[in-house]
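Novice: Feature list, courtesy of TrEMBL:
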TRANSMEM  A:6-29  transmembrane segment
TRANSMEM  A:41-63  transmembrane segment
TRANSMEM  A:157-179  transmembrane segment
TRANSMEM  A:200-219  transmembrane segment
DOMAIN    A:246-456  domain 'ABC transmembrane type-1'
TRANSMEM  A:250-272  transmembrane segment
TRANSMEM  A:284-307  transmembrane segment
TRANSMEM  A:327-346  transmembrane segment
TRANSMEM  A:384-406  transmembrane segment
TRANSMEM  A:433-456  transmembrane segment
Amino acid sequence: MPLIPVVLWTDALVFLLLAVTALFAVWAARHEHLRAPWRRVVRSRIGVATLVVLSAYAVVGLLDTVHFRLKLDRADESGEVRYAPEVLSLLDLALSGLRERQEKTYSAPFATHLHAKEALDQPDGTVIRDYPRLQHGGAHLADPERDRAWDIAWRSLIGLVQGLILWALLAAGLVWWLARRHGQPFDAVRNRILKGQTQIPWRTALGTLGLVLVLAFVIGELALKYHVLGTDKVGEDVLYQALKSIRTGLLIGTLTTLIMLPAAILLGIMAGYFRGWIDDLIQYLYTTLNSIPGVLLIAATILMLQVYMSNHADEFASLVERADLRLLFLCLILGVTSWTGLCRLLRGEALKLREIDYVQAAQALGVGHFTIIARHILPNVMHIVLITLVLDFSGLVLAEAVLSYVNIGVDPTMNSWGNMINSARLELARDPIVWWSLAAAFLFMFTLVLAANLFADVVRDAFDPRLRGV
Amino acid sequence: MTEPLLHVTGLTTELGDPTRPARVVDGLTLDIRPGETFALLGESGCGKSMTALSLMRLLPPSGRITAGSVQLGGTELLSLTEAEMRQVRGGRMAMIFQEPQTSLNPVLTVGTQIGEAVRLHQGETRQRLGAERAVELLRAVGIPDPEQRLNEYPHQLSGGMKQRVMIAMALAGDPRLLIADEPTTALDVTIQAQVLRLLKAVQSANGLAVLLITHDLGVVAETAERLAVMYAGQIVETAPVAEFFAQPLHPYSRHLLESLPDAGKRGRRLAVIPGRVPPLDTPFQGCRFVERCPAAIKRCRLEAPEWRAFSDERGVRCHLAELDAAGVSSRPVSDRTDSPTPEPLSPTSDPNSPPSDTPTETAQVPLLTMRGLQVHFPIHQGVLRRVVGHVRAVDGISLDLYAGRTLALVGESGCGKTTAGKGLLQLVPPTGGSVRYRGQELIGLSHRRLRPFRKDLQIVFQDPFASMNPRMLVGDILGEGLQALRLAPKRAERMRRVAELLELVGLDPESADRYPHEFSGGQRQRLCIARALAVEPRILVCDEPTSALDVSVQAQILNLLKDLQERLGLAYLFITHDLSVVSYLAHEVAVMYLGRVVEHGRVADVLDDPRHPYTRALLSAVPVVDPEQRRQIIRLEGDMPSPRHPPSGCHFHPRCPEAIEVCRHHYPVETRLGSTRRVCCHCVDVGVATQTNGDSKIRS
Amino acid sequence: MTAYIVRRLLYAIPILIGVNLLTFMLFFVVNSPDDMARMHLGQKRVTEEAIQSWKAERGYDRPLLYNAEADGLASLTDTILFQKSVKLFVFQFGSSDDGRDIGYDISQRMWPSLAIAVPVLLIGLAFNISYALFIVFFRATYVDIGSVVLLVAMMSISGLFYIIGGQFLIGKLWHLAPISGYDQGLNAWKFLILPVIVGVVAGIGSGTRWYRTLFLEEIGRDYVRTARAKGLSERVVLFRHVLRNALIPILTGVVVVLPLLFMGSLITESFFGIPGLGSYTIDAISNQDFAIVRAMVFLGAVLYILGLILTDISYTLVDPRVRLQ
């Protein structure tokens, strides 16, 4: 085997999350009351557009979640197969060009020369201070001054064409599938999509998809020869860092809620349904947790984790594993600080629902407490859970940046937007200013959070019964 | 012929998406003369509230007026600018709304809210004048202590008081036309009587015209001079009130009247209107009522009927009326149809002597006996949340339920009747007394020990929309009890039972695979009844099962309940505030006031000859359609006190017109009148009927 | 009312005990004082003596819960639990790992924190409410739609970028205000401009959007229809009726954070070099000074509970319907 798979803790949880999502999707597809709000989501133009963008992020994140170690080329003397100590992901493999083309230090986007002057040995033996050529970025150009603009334009065009071809293929596939499903001729379906007359706004979806694909291909084509977003202090490609950070952002946003969900649902419903001392106890629990300022609780816990990790360094097999555990722990502690809000909401809702007639009717029919909770209360609070889930996502992604800035976020060796900002902000004082790391983190984060916020709005409108029918 | 005050022609209002609008008001034409009360009558969803909002130009954001003209005293309202229209609103034309609870701003004092209306329309800018006028207005609507009330907030007032404040606010601009949108629907019957009387009084004092929007035929009969019946966005009939009740022309009007329950229809089935109001977002080809009309002819389906005016005051929108030509049809409904005809339930029954009042009744053993049932909720106060008192929601009531018979528990909201029903079922834990079912004490049984009895005691709730889990299929909802009580553990068996139940309550067995929201209110209530019947109970507590339903649908449910009782021998505890339903359905009645039963006896006895002053007041306050049955209304002042601090002595004495000194100090002991009758009043003389209300007969 | 407040204060006691126990567990049980000493003294080649003297200097050389060597009451008081955790209840914060008195530092550093937090809160509140009213006045027009898009976009930007952008634009490019620093007394004002502007702008997105939702919710209520039926103009309806009602959740939402203003903002203060409690905490975190972090956790909990009680009281003041029992 050329590789052995490595399953990190967070990877396992992501796979679990995927399985849960898939199960939920199958379950929802069979239940009209669950399908109907989702149908409203996909019939909204903002809904489908943001879904496409979020899916693009999700694909990158998932590629970065499949980890393995490659087999080393040469076996050692005993003939035993050896694997590289480095843990890689599919994304690393796909971006191996970017990963390996390291420069010496800072270089601006599309630069052909370093950002700082260096002493250069001239062929005639003299030494001058000048901007040295990059080892990889634009190295193929004979005369960068003259050729660079044309080269960039040409490569963009190639990328554009490639992207459009793939897009056209996908679009044709979709139209063919729709035509077959509805039993209509291909042309008619295409025309309706073009006119925006379909119930699901396919035109918007395809438009966004086209934009994403073209962008991806143009950047991909350019990235083969340039550092599209420049390089950082140690010469690493910023685009690569930004892409690798996607997984971190997504994980924080999703795993945190996944971790806190069982506790919040169980305790919230129990408090509201049983009332009495159970309610008192649960209320005490969440008021206590809530009264500790979140950042400080996270800081305290992460500090303690750091102490523990530095004192037990030998328990971790690799840096990646250690960073991964820290990420998991961060999700856990973020979950501890954020479950209280949902718990309180659910308690209030359960208090209302336990008095509602259908619950009373079930009690009159002798239905057991746990059956009532599972059958009557849980399904009727699921919309709150879902709305909270999507609303929390963007907040958590933003929180990661702030926490990493305070050094209580993810491990400093892990790629994350927070770490990118953190290491870049000190360089703002430089002249000329080094802005590209910040800009890259900003762009990637803003797109994700904006899409998530817009999507959350659509989901809330679709699921909240109070907002319906107005 | 006086010039009309309000002249509406062809008013058309649409709601929602412009590509597929719901035409909630469609070509409405009516005239209102100065000083008259004009009633707009219709069931829910027929567009009467939208009509009112269109006249005020206060439609919700998704609504718009697409055609027509509204002239108020010669001014075309629809062409006014918004600023000019604001002068009319609250000025020449004012409006009061259905929900006094939510229609007043909770954070502004009564004085501020009336004051701003006064200042706006009378140009009195100074605070003092505004306050004086506000006091004057509050006094005019009969609010005691008006200076005091000015500084109070709406939540400190009772529902009836709030509605009076609303009326005062509407009068601030000295309007010529007052639109009252279901002004008393949210109020209790005694409070309703107060408010309706007030409306009449201010109307005659100020000479204003009232557009009264209501679904209650009794209210129309007692207060209006002319009426229009609305159906599915259109007016289908207009008439002077007296003529209308004597001889309704449109089939819809006739069925509406037929479906009203009352004592005279005892032992017969009520007429029902099948189906439901059609959705208004589809174009109509024929008559809108055709699907529900038993008299429909072919032409009704093909061609929408034109408005046909017989005189200035009478008109109808029906092909059949045209066939009858100018001669106003006097044919009874039953001539044209057979299905909804009031038919005797059984050949032996006679409307005047209900069939079940058989002599054996007293010999029967009660299925369930309730003795001195108490449900008290503790009030906590102080640092340590000590119990400082109790809300005495139910304070010692005793009832017996017999198989095959209905006991009605009557009272106004807040009297504890629903809590009593839930206490019987142990859904709220009683704090005292005893509930014995077939000799076995139910109070104090654990959740598990109670299970065997769950099968025999069931409940149907008031709100058909809240009483079924929207996330479950109807089949699972109906089968829930069978599963929980392990009566039919296998799914196939359960579904077979569910199909039977659906047929029993008159629904398609296919309904099992649908969700509750696909059913109308009446159908849902059938489903709720089916759910309760699934476990084959002996006793059914019906908690206001028809009060959320329209009158035509109510008739269906009442018929169903009556049938089921005949067939299955169920005992009903029928909790209601509606005395006409009681007189139609119940065998015995218990009247509750502030947690206690004040009068108890057979329906005919209690309703024909009420002995307790509260019962008398309650009965006299019910609006009645037939003018001959109308009683002199006994004025009940004030509102029901809080069960937290019940008055000393007889709970009713602060409101009782006949209270004497002893009433203030001692709660009256129960007086037995005959074998079946009990009254709790100091003024009841055993054997001698009180003579104060000689004319208080329901039937002559 | 008094009974209610007394009860709430009594209820705060078990919560503070809970917080205290939790931090105790976190700081002294999960990692022993030995671990912390080793961490501070460097990982490798730490002698046992160095650890012991580090602990002794800072008072961590006591037993955790029970001191078997001491007599009488001292066997309970001469412990880490009592010295380091229980004393927090009387606001004796002890000294930090580098020997400074934490209580004194806090009393000095809360003023700069307030100097930023209070103006940010007040200006932000005024701006957000006005902007939300403006949007609601033009609801369902392009003003509304455009504003909502703008607000969602503003919400989607990390607070860090507002600070960096503000420093870059206002400080570095336009030279309108000093980028960072602080001065004593009234001279501090010019150092406050930038952080306050940044604080307000960063809060516009979520704040205004929330207020807009509140206003729209109130506009749909029945009493608004009544007010319109009286013939009141849209302006009066909005200002006298809608605003009054919407202010209840807005104000009580503000009251709950009022006490926490003392804690300052972590990020803003450290970026702008303001010597407030926020940067104090940040420094403590990066220096791994657990005594300070512990003190701030406890202080934060006290202030939060205070905020909850104030919220309930403020309800009775602004909402005539609420009477506390």
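Positions of Cβ are set from backbone N, Cα and C atoms, glycine also.
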Novice: Excluding the flanking five residues on each side, which residues at least 6 beyond the ends of the transmembrane segment (A:157-179) place their CB within less than 8 Å of a CB in that stretch?
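Specialist: Distant Cβ neighbours of the transmembrane segment (A:157-179) are 185-186, 188-190, 193, 198, 202, 206, 209-210, 213-222.
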Novice: So if I exclude everything within five residues of the ends of the transmembrane segment (A:200-219), which remaining residues of that chain have a CB under 8 angstroms from its CBs? That is, six or more out.
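Specialist: Contacts with the transmembrane segment (A:200-219): 42-45, 48-49, 51-53, 56, 155-156, 159-160, 162-164, 166-167, 170-171, 174, 178, 193-194, 228, 239.
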Novice: Sort out the residues at least 6 away from either end of the transmembrane segment (A:250-272), same chain, that have Cβ-Cβ distances under 8 Å to it, and list them.
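Specialist: Hits for the transmembrane segment (A:250-272): 10, 13-14, 16-17, 20, 57-58, 61, 278-279, 282-283, 285-286, 327-328, 330-332, 334-336, 338-340, 342-354, 373, 377-378, 381, 385, 388-389, 392-394, 396-397, 399-400, 410, 448, 452.
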Novice: What same-chain residues lie close to the transmembrane segment (A:6-29): Cβ under 8 Å, and 6 or more beyond its ends?
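Specialist: Same-chain contacts beyond the ends: 35, 38, 62, 65-69, 87, 251, 254-255, 258-259, 320-321, 324-325, 327-328, 331.
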Novice: Sort out the residues at least 6 away from either end of the transmembrane segment (A:284-307), same chain, that have Cβ-Cβ distances under 8 Å to it, and list them.
Specialist: 267, 326, 329-330, 333-334, 336-340, 343-344, 403, 406, 408-409
Novice: Please report, as numbers and ranges, the same-chain residues at least 6 past the borders of the transmembrane segment (A:384-406) whose CB is under 8 Å from any CB of it.
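Specialist: Distant Cβ neighbours of the transmembrane segment (A:384-406) are 248-250, 252-254, 256-257, 261, 265, 295, 298-299, 330, 334, 338, 341-342, 345-346, 349, 416-419, 421-422, 441, 445, 448-449, 452-453, 455-456, 459-460, 463-464.
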